[in-house]
Amino acid sequence: MPQLILIRHGQSQWNLENRFTGWWDVDVTEKGAAEAWAAGELMKAKGVAPDTCFTSVQTRAIKTLNLALEAMGRLWLPVTKDWRLNERHYGGLTGLDKAETAAKHGDEQVRIWRRSFDIPPPPLEAGSQWDLSADPRYAGIAIPSTESLKDTIARVLPYYEAAIAPQLAAGRTVLISAHGNSLRALVKHLSGISDADITGLEIPTGQPIVYEINDDLSARERYYLSER
């Protein structure tokens, strides 16, 4: 039976600074790099052996994957990078301190923006310092100005079905290094979690989540590798 391993990137600089990150490209911290390496060591110790890997086009996820693979002695594995595995776009909240935003708009409004299923934050304003339209990695892509979790799912799941599911169907073990909300999209799909419940699911940084996948690509079991 194939396995699907999900790992959220190690702590990023803006995780540390408590800022909304979204699509902005932020590196991992020293702690985040250590989390990624430890995840690779754990997978190696537990006998998890990916055949192929997927990640976003964001540095924190790519670096987490590379560090984990290096710790496993599997840097030679094929890796596919795709923007559809990016974090949710936080729109006009990008770069803002979460506590200051709550003080300005109220805890409840910020909770709605962060944790509602289908209500996106305000859009990113034209000319913002966080505008990514000139970033070459997004050439030819209609960059969103903001996204809800529902919007994120709408790009993640078609990519999963088209690119990742066929690898699992071929019996390959797949490792995905991505982000809190793009991974929520996959967990919601695989575990059949409701719209209301998925918004409360926390995915910790640097902790491999393992899915045992049936032949029909349904999920038989989900668990944290550290608990086995």
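Cβ atoms here come from the backbone N, Cα and C positions, even for glycine.
For reference, Swiss-Prot has these:
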| type | residues | note |
| --- | --- | --- |
| BINDING | 8-15, 21-22, ARG60, 87-90, LYS98, 114-115, 180-181 | substrate binding site |
| ACT_SITE | HIS9 | active site, tele-phosphohistidine intermediate |
| ACT_SITE | GLU87 | active site, proton donor/acceptor |
| SITE | HIS179 | site 'Transition state stabilizer' |
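Here the features listed in Swiss-Prot are painted onto the structure.
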| residue | record | CB count, 10 Å |
| --- | --- | --- |
| ARG8 | substrate binding site | 28 |
| HIS9 | active site, tele-phosphohistidine intermediate | 30 |
| GLN11 | substrate binding site | 22 |
| TRP14 | substrate binding site | 20 |
| GLY22 | substrate binding site | 26 |
| GLU87 | active site, proton donor/acceptor | 26 |
| ARG88 | substrate binding site | 29 |
| LYS98 | substrate binding site | 15 |
| HIS179 | site 'Transition state stabilizer' | 28 |
| GLY180 | substrate binding site | 19 |
Proximal residue to GLU87 (active site, proton donor/acceptor) among recorded positions ARG8, HIS9, TRP14, GLY180 (C-alpha distance): GLY180
Rounded Cα-Cα span from HIS179 (site 'Transition state stabilizer') to TRP14 (substrate binding site), Å: 13
Spatial separation of ARG8 (substrate binding site) from HIS179 (site 'Transition state stabilizer') - C-alpha basis, Å: 5
Where ARG8 (substrate binding site) sits in the secondary structure, as DSSP reduces it to three classes: strand
